[in-house]
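K.L.:
Below you'll find the structure I mean.
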Amino acid sequence: MRRSEEERIESNSTLSDTKSDKQSVVPKDKLDPSTQVFDKKYGDQDVHYVDPPVKTSAWFTKPYALNYKINGEIYRTKGPQRSAGKLELFLDLVYVGIGSTLAQSALKEPNGFSFMKYVILFIPAITVWSDLKDFMNYYYNDDLVQKIYVCWIELLLIVYDNNCEKVELNRTALITTVISYFLARITLALMLWFYSIWVKQHRVQMRIYATGLIITSSCWFFILLIKSIKGQCIFCLFMFLIEHTTFLININPWINAQLGLKYTSALNIEHEDARFQAFYSICIGQFVTTTVMQTPLSIGWNLKLHKGFSLLLIAFVFYGVYTHRDGCLKAVHALKRNALCGYMYLYFHIILIASMLLAGNAGATLATYESIYISSPQEKATLLFYHGGILCILGCLTILPLLDKNLDDRKEHKIPRFGRVGLRIPIGLLILGLSWADKSLSILQMMWMDCAFLIILFIYEFTVMNPLNFKIPVDGKFVSVQQT
């Protein structure tokens, strides 16, 4: 009887909140600029708005879902439009430092094993970051409990980062690394179980995923029984496959439909997009940060400084290419298009971030070399890491915008969609090919040739996406400047 009464009250509350409209509760002229740009391209999200619970204390706020679905319709808690929050940006800064440390470790003795080690150690760290990103996307309320949770996870990441470099040499380091990752994942499971007491809209999914986390996280201790490095690597890759498959199954719309769930989770696409943009921007800084820390480029006007300038320009180009996307005026976001495009959007961003950190640190290492030409296998491997990272970055920057569904009329653009982004991978392959010209080109010449090719790419894309016809994109169409 009590349950029926609660459902009736909730139904009436939901109806009263959604009778008005399905538009943003924040006036468009007061939206965050990045949110305005997002809305112009992807349109207003078709959602119902509901009132949030009253926040009674800064110590603990009764958990509630920020976004959820009822029978396929999206509901969102009223409040200010969410961009990347201060607490989340703080986490990003710490994580980029950790990722940079992993990349620097791989560059101490660059080879196939160090690259595999970088990948295997990077995935758990980015998984923990993704856990926190998703948790904040679904349940952010900025109370003390969440702040303690974030601080605890960062402490575990610091422990992880300071031990994972020696996992193949020291058993204590291996045990500490496994325990820190285990505790990070188990903490998420406990938080999900705890929050599920109040958040009934996600309750089934939260408890299924939390149970899966407990099982998969506990399995990591089996790695301590494996003696060979090769066996441990294979085990890690297998566990990553199991963990991420569990995650994808939990958020798959078809699976949720088969379970017959009335309530399911929903993603705030604007916030998810803003989170990746902010994280990518911080990672781009890695191209520059390592060239100024402890003044590695020496004193005065010298060759090292010239190489550092090229890294700065390359970082600028990568930022511009990411913001260019594909030049579409109207589109359906990859996260909204279908499940497969959504999965690819998430995982290609992970590859992009890993490549950015590795290429940035490899470029900074090349800039500090005293030798004019590549003179050792280690320097050649560093060059391959740098050029290979750039190719992966450009590959991801090609695939990611193409995951959106283009809604533009063909007449809106003189250059078709693939023509606007089609030079990225060829330029990346050309840059990778320069790695085998190390006998005839100096390190400085190769780095500036890399920079020149990327600047040409930037100028080409800027030109075809912003034609010199005195027209600018307004509400999905090119309009003359005089009319605006």
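Glycine is no exception: its Cβ is also placed from the backbone N, Cα and C atoms.
The structure displayed is predicted, hence computed values, not measured ones.
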K.L.:
Which residue range, 141-163, 233-255, is the one TrEMBL calls transmembrane segment?
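P.N.:
Of the candidate stretches, TrEMBL labels 233-255 as transmembrane segment.
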K.L.:
When you look at the transmembrane segment (172-196) alongside the transmembrane segment (305-322), do they share 3+ Cβ pairs under 8 Å, ignoring any pair fewer than 6 residues apart in sequence?
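P.N.:
These two stretches do not touch.
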K.L.:
Can you name the far-off residues of the same chain, 6+ from the ends of the transmembrane segment (233-255), with a Cβ under 8 Å from a Cβ of it?
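P.N.:
Apart from its flanks, the transmembrane segment (233-255) reaches 116, 120, 123, 127, 205, 208-209, 212-213, 216, 219-220, 222-223, 226, 264-265, 339, 343.
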